[in-house]
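Look at TrEMBL and you will find 221-243, 284-311, 317-342, 354-377, 383-413, 444-467, 473-501, 513-532, 544-561 tagged as transmembrane segment.
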Amino acid sequence: FDFCQAEGKKRPSENLGQVLFGERIEPSPYRFTFNKEETCKSVCTKTYDTTKPEDKQKLDFLKKSMLLNYQHHWIVDNMPVTWCYDVEDNQRFCNPGFPIGCYITEDGRPKDACVINSEFHEKDTFYIFNHIDIKIYYHVVENEALGARLVAAKLEPKSYKHTHPDNPDCSGVPMDISNKANGEVKIAYTYSISFHEEKNIRWASRWDYILESMPHTHIQWFSIMNSLVIVLFLSGMVAMIMLRTLHKDIARYNQMDSTEDAQEEFGWKLVHGDIFRPPRKGMLLSVFLGSGTQILIMTFVTLFFACLGFLSPANRGALMTCAVVLWVLLGTPAGYVAARFYKSFGGEKWKTNVLLTSFLCPGIVFADFFIMNLILWGEGSSAAIPFGTLVAILALWFCISVPLTFIGAYFGFKKNAIEHPVRTNQIPRQIPEQSFYTKPLPGIIMGGILPFGCIFIQLFFILNSIWSHQMYYMFGFLFLVFIILVITCSEATILLCYFHLCAEDYHWQWRSFLTSGFTAVYFLIYAIHYFFSKLQITGTASTILYFGYTMIMVLIFFLFTG
């Protein structure tokens, strides 16, 4: 964008999480000193001559961004500078950004932010917010030599057509750019700043006013109740089956006199000779289980830290940094779990197993990420990740994660294979004709619905925070939902597994992984619905990016739930 640039200042350094999320912080040309008030200070003036093609292109880019309601995000002392305004039923809403400008349509309807001022009334015209009133609230620290601390920063965007750009007075008509305007367009950027002492806000709680105006924590309790009801229902079912049915079955087997009634076995008892037959594609299943364990522990630890408040939104990029570092360090459990399962499936090719565990799932994620980065780079976006960071991520993966996976696998293969309580028969048993709901596909599709029902309200808030730049801070809720999700996945799978073992179908390994893993497919469908109903994304590059990043999330979620 062609706004005022800060001359010769270094860019602030970012941590890994910020770089990965594409949060680039630029130095600002708006300079001020503490308690020195400024009124209508000029920053710079930009002149566009619409007869020159490069000037016209810059101006058109500015117009397009106003039409799409692009936002400025400003930071002072690590606090977002917010624009607070009244919304319906006397609520104040604080937006951590403010629009570049706004547009009045050809039939005189104001769009987006144009409703704030009745002076914006010209048809088919853009109004640019070129003057900013900044208010900084500070809290004087008593009995310390520190002086004052900034507790809030608020602004009001205004639009003025300055008659003398060199000596601005900040009054008069708004700065309008007619859509059909030709000739020269001059935009003078100015700002005013005032300081106010605020005794009531402590420095520690200075984020609260943003969070208070955030939407609706009460939906959250509703969704948690909804999830808990599902969990209770499932737990009841599982407990009933485990206690009543299994108890009855086992009691009946124990009463049997082994000679006469042994022919009349039924249900799950019939498949005892085949239940531990190694699954088809056991290699892939063990690799998925290893990667899934890695992701499960990573998510648990990250959310636990976030709950304790280490990873609040005030700590920019901390969440992503924490997740990546944990993922890298958790190579050992991945290798161990994959090796244990692969050995118990009777596998011999342990080298292939270790290599696949280290490279298959991370490789898919990295390849996807790399392609997205190429698209961003081709579009000249500031969110593209610098080459150095890519090398750093590869180094983390190859030099730390992979060796740790090898160590884990070494211990996994050294241990004896998991002992099975029954011998497997030489000849596989024939599986009888299955009814509709014990066939593999319907069972798997049904299994994903319940876990998805637990999470989909949280999912909405998470997608909002990723794509619509809203703060996400409800980690306590998220941790609760995470625990509920783990329980629901396990219980739904146990139930469906019991049903098809009773129907004498002993292929349970892949089915139990896919039953809860199918939640990821519902996640994908929801993400597609969110894309079409909530986001106004235009252009092929943006669409590919949205779905590229969504596929990464879906893969991680699939491994985690499975």
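Glycine residues also receive a Cβ, built from the backbone N, Cα and C atoms like all the rest.
Listed by sequence, the residues of this chain that lie at least six past the ends of the transmembrane segment (444-467) yet keep a Cβ under 8 A from its Cβ atoms are 219-220, 222-223, 226-227, 230-231, 234, 437, 474, 477-478, 481, 484-485, 488-489, 492-493, 496, 511, 514-523, 526-527, 530, 534-535, 546, 561. Tertiary proximity for the transmembrane segment (317-342) is limited to same-chain residues at least six positions away from its ends with a CB under 8 Å from its CB atoms, namely 14-21, 23, 282-283, 285-287, 289-291, 293-295, 297-299, 301-302, 305-306, 310-311, 350, 353-354, 356-358, 393, 396-397, 400-413, 415, 417-418.
If one looks beyond the transmembrane segment (284-311) by at least 6 residues along the same chain, the residues whose Cβ comes under 8 Å of a Cβ in the stretch are 318-319, 322-323, 326-327, 330-331, 333-339, 341-342, 345, 347, 353, 356-357, 360-362, 405, 475-476, 478-479, 482, 486, 509-510, 513, 556, 559-560, 562. Nonlocal intrachain contacts for the transmembrane segment (544-561), taken as residues 6+ away from its ends with a CB within less than 8 angstroms of a stretch CB, comprise 288, 291-292, 295-296, 299, 361, 364-365, 368-369, 371-372, 375-376, 451, 467, 485, 489, 516-517, 519-521, 523-524, 527, 531, 535, 537. Counting Cβ pairs closer than 8 Å and at least 6 residues apart in sequence, the transmembrane segment (354-377) and the transmembrane segment (221-243) reach fewer than three and form no contact.
Listed by sequence, the residues of this chain that lie at least six past the ends of the transmembrane segment (221-243) yet keep a Cβ under 8 A from its Cβ atoms are 450, 453-455, 457-458, 477, 480-481, 484, 487-488, 491-492, 494-495, 498.
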